[in-house]
Amino acid sequence: MADSIQPEKHIHFIGMGGIGMSALALILAERGHSVSGSDRKLTPAMQALETKALAIFESQVSKNFAHLQSRGIEEPLVVVSTAIPSTNPELIEAQRLDLTIWHRSDLLAWLIEQQPSIAVAGSHGKTTTSTVLTTLLATVGEDPTAVIGGVVPCYGSNGHKGNGRLLVAEADESDGSLVKFKASLGIITNLELDHTDHYRNLDDLIETMKTFGRGCKRLLINHDDPILKEHFQADACWSVHHVETADYAALPVQLDGDRTIADYFEQGQKVGQITLPLPGLHNLSNVVAALAACRMEGVPLEALLLAVTELRSPGRRFDFRGEWQDRQVVDDYAHHPSEVQATLTMAQLMVQSGRSPLPRTPQRLLAVFQPHRYSRTQEFLNAFAQALVSADALVLAPIYGAGEQPIEGINSELLARSIRLIDPNQPVFVASTMEELAGLVKQHSQPDDLILAMGAGDVNSLWERLSQEGIGGEASCSPAIAA
């Protein structure tokens, strides 16, 4: 496959608006390829490509290829993602025209093979770890190429064509296609059953990740994860709990709502101290993974420890959106019980410690959660309830189906009942529509609240609904703050 894309080849992305597809399109465009793409609606990621793409279509219809032909593009390479169904009219037309069709993972695998590469996999923390890794490398002058599932603050984009020797890629495990990646260094952050629409059980996930690991020249794993520790052999490991058994480790000295201070160890010896402007033990683990990868690539330690002090989270990872009626609104991508628990724990640390990277220290936590997929909600119903009960108050949005058909009886009201079984006194409110959601937040929030919107769907529109629809007060927007 390494020689399959010639410089003059035009590449057309069906579903260009997705975070992973747009990153690939951006990099290919910056490498000089002619690109085009389509999606059902114009997304911010597509808007960023408007000046770089030959054509962008706000519909996925067969006539898009006729338009390309009118522009002199006869045989484009067509790229699709798992999200594109076999019934998609544009895909059907590409098949009728007998065009070459690649899955998104084929294109990413090709990019990974073109230069020394680091692929970041795992159930949780992939985006943050790959963003931190990219940022550290950029800060010390390495300028990596990056294909990330979130916006990297130092580049302001999810895709970047660097001039350095390394490529950093986020390796999504959701459909198992990461087994195609042959990276110079693979990282696995943790393993926990998710994406039950693809994986039958945990053993199925473990075998897929083992195949990914075997395909990498070197493998770096999280020694604190019990599944990785038991089932995987690796070239190196990291920990935020143990020094003696890890090649790279950080032991927390101070955990506050606005920062983390930890002693940093390599091969059992303390070699420095980390001052991290990101709260939460899970963020410390992500940063140590990135540090370990940099060190395995020969980056000097002193420059890295200095770079750590300037880190910021990727977009939609505890992303401060602004203030509304003396309430601070934060957006987070958490959509699995473990992610929800880690995010709520970090938010409560800000409330309880009186220290926060936000403009003002919040006094109470109002969580707004949008379950993602009916199958995931059904599979992890009790785990979601156990995680969400730690909020001071809770508003639930309708389930975001992400293309799934509804499952009878599986809805946000069922989740609310499960939460009330754990704590009958928990204030929990259920919105029947997204339009109703902002009204419930207005009704049940209070000044000095941290309004934390969590989910992988469109719950991130809550800020716009609060600030633009003028329901009850003025709103002000501030730059995203790392957390």
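Cβ atoms here come from the backbone N, Cα and C positions, even for glycine.
Taken from Swiss-Prot, the feature ATP binding site applies to Gly122, Ser123, His124, Gly125, Lys126, Thr127, Thr128, supported by sequence analysis. Counting only same-chain residues at least 6 apart in sequence, those with a Cβ under 8 Å from the Cβ of Lys126 (ATP binding site) are Val120, Gly149, Glu170, Ala171, Asp172, Thr189.
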Cβ within 8 Å of the mean position of the Cβ atoms of Gly122, Ser123, His124, Gly125, Lys126, Thr127, Thr128: remaining residues of the chain near ATP: Val120, Thr129, Thr189, Asn190, Asn286
Ser123, Thr127, Thr128 as binding-site residues, winner by CB count within 10 A: Thr128
Nonlocal neighbours by CB distance (under 8 Å) for His124 (ATP binding site), same chain, sequence gap 6 or more: Thr189, Asn190, Glu192, His282, His336, Ser338, Glu339, Ala342
Three-state secondary structure, which DSSP defines for His124 (ATP binding site): coil
Residues that sit under 8 angstroms from Gly122 (ATP binding site) by C-beta distance, when 6+ apart in the chain: Thr129, Glu173, Ile187, Ile188, Thr189, Asn190, Leu191, Asn222
